[in-house]
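Below: one structure, written as structure tokens.
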Amino acid sequence: MDKVKMKYSLFVVIILSMSAAVSIVQGAGVDEEIKYTIQELPPLYNFDDYDLCFFNKTSALSSTYCMVYAEVQPDNSSQLWEKIEVHNRHRFHYHHDKLFFGLCVERCLNYIESMDDFNSNDNTEVLDREVVQFFQTVHKRPLDIEMRSNYSTMIQRCLNEEFERKYDLKLKTFIEYCERNPDAEQFEKDVAEDILYRIVKLVFLLVIFSSFYDYYLKTHQTEENGTNDFYKINYKEIGPRVLTSFSIPRNYYRLVQPCHGIIGNEFSYLDGFRSVCTLMVLQGHTFYMEFLHLQNPEYFENIAKSKLGLGILNTSTIIEIFMVMSGLLFYVKFNEGRYVNPQTSWRKCIQLFAIIVTGRLLRFLPSVALTILINATVLSKLTDGPFWRHISEPSRVFSRENWWQNIFMINNFTPRHSVSGHTWYIAADFQLFAFYTMVLIFIFKYPQYKKRVLATLSFLAVFIPTMVSYTFKLEPSFMIKPEAYRYGFFKDMKVFGYLYIPFYTNIGGYLFGILCGELYVKYLSKDEIRRKVRGVLKYELGAWVTLPIACGISLLGTIAIFQQPSIWTALFSGLNRNLWIVFVCGIPVLGMACKGGLMAYDFCCLPIFRVLARLSFQMYLWHVLVLQIANGYQRQPHYMTHMYFNGQGMITVFMSIIVAFFACLLVEYPIAQLFDTLMASTKRRTLEGGKAKKCI
């Protein structure tokens, strides 16, 4: 008992020390001599009435609405400028020298005084080059280019006079984009939109035909087989399997059917992990999306000033649990299938690699392609608002120009020009799956090298992110700052591009999942081991140790991020996610593999999680589109509160589940069924060929 108290006291001391260090580091470097309130600073967003601008205007120019990016010009003689500089020094503060104006051009027409005003006023050299170049890349519709060429001077003069009169500071402006009456705007169908409509029509025709054909087959069954249980049994013949692959009732029962097979039942608790973590990811992305046009930026700034808030911002490592689960299930299924042994030829190994990786790709590809098409075509027409194009236009443009990066699963190497920032995970997961397919084939063919290969990969899992962090002088952990997400891309976030999203800095999650699979196959699947673990108090309570460990790792990251880059911060970069993987992900996963965990195990095995887990991929894929619509229609910057955030989060989850449900029934499950049928047909022909050879 004394040892337990000593360990508990030591842990409390460590946590309190970390908290004190965070407070000290946060307080360092802030100039306390200059006092100010957030209300003294210029608002980040100022929008004219969007709908009124288009109402009953006599000229096209007067009914034009522009989103203007502006930067406050330095003036060391201004007290307000000094306050802005002080405010900007905190790394989790918004920069109040970078502003957005939603401008109805009508109120600036008086500033056209001469033909010189129609000449372009090139401010791009004095503005933030990174931001301006991104806007020029994304917003290049004819009206955008026309307004920049002809009316930049007029708009700058208009905004500058008002701003200078109010704040005694000057602005440099850049027209991001402009719109004229959206209701009257005519959209012409192009090739991408035509392809989307043809695909949608084809899918609906297939669904109708397949569902009616399935019902026809049901009506020709015997009375006892003519119940809805008919849809729960797969056809053995290839023809009916193909023709009923798009059947709505059959795919619905595939979605809700209980787990089957030994692996499905043994690891049913992973459905709970997958569902809960998916909901947490959706809630986290809702939080980040609210960083955009808001009235009260102090809401997020104050969160980052608290120890708890910083800890929450440092929980992006939660996504590693998905890689651990994928590695675990992949190893167990691969081992059970006995696909490779030392006598297997390399030709068969290569064929096996191609089949496994192709199957994985075909699970992702149809849904990803549909997402790209919708982003490229109908997304921009779903709603309107002053900030809608700022939110949706990058997805529209990059879906048309860089679609191939998502199709070939390499978009995690070009995050700035990706269709949607969150799809980096889909690409990284596919790359890791392909890599570890090769690893498993090799170690099953040459089992004598297994320990060396796994030990080498364990070393690289720490070494690679450490060296990347040290080489590029990166912050040791990925924590999204409110200012970084305002411009349609992750600005000044090298740690995101170099450390967080490449597959080679994420090899630890899949690897540890494979190690968990090895432990399960050798030890944890045996009844005598389970009896020693399940129900024993110290093991049951041991799983709860993950909570303080998770808090400790998260708080340690909030300390390290304020340090200057060094070999020690780089080492933390290498250890951060791997410690999280081993302790926070590994302990619960391995404990529940023994059916331990008491109520937690029973909770994770609830039937509702089985369905949510099967919807999780589609929920993840589509939730950002839901978030864009939920935030893009707003006419004025929103006022952020806890209730508003939770409301947005619930809307996102609810709508994502609905979209995911139909995406599964209409796209994912039918394509998966067609692929399974093809593989079954190929396997059958191979077996028949083998028997024929034996007969010969």
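Placed from the backbone N, Cα and C atoms, the Cβ positions cover glycine too.
Looking at 51-70, 611-630, the stretch flagged in TrEMBL as transmembrane segment turns out to be 611-630. Residues 352-374 are the range that TrEMBL records as transmembrane segment, among 191-213, 352-374. Residues 266-273, 276, 317, 320-321, 323-325, 328, 508-509, 512, 516, 519-520, 524-525, 529-530, 533-535, 539-540, 542-543, 545-546, 549-550, 553 of the same chain lie 6 or more positions beyond the ends of the transmembrane segment (581-604) yet place their CB under 8 Å from a CB of it. The transmembrane segment (499-521) is not in contact with the transmembrane segment (611-630), judged by fewer than 3 CB-CB distances under 8 Å for residue pairs 6 or more apart in sequence. Confidence across the domain 'Acyltransferase 3' (268-665), taken as the mean pLDDT and rounded to a whole number, stands at 91. Between the transmembrane segment (611-630) and the transmembrane segment (650-675), three or more CB pairs separated by 6 or more residues in sequence fall under 8 Å, so the two stretches touch.
Distant neighbours of the transmembrane segment (650-675): 203, 206-207, 210, 241-242, 245-246, 248, 251-252, 254-255, 279, 282-283, 285-286, 359, 362-363, 366-367, 370, 612, 614-619, 621-623, 625-627, 630; these residues of the same chain sit at least 6 beyond its ends, with a Cβ under 8 Å from one of its Cβ atoms.
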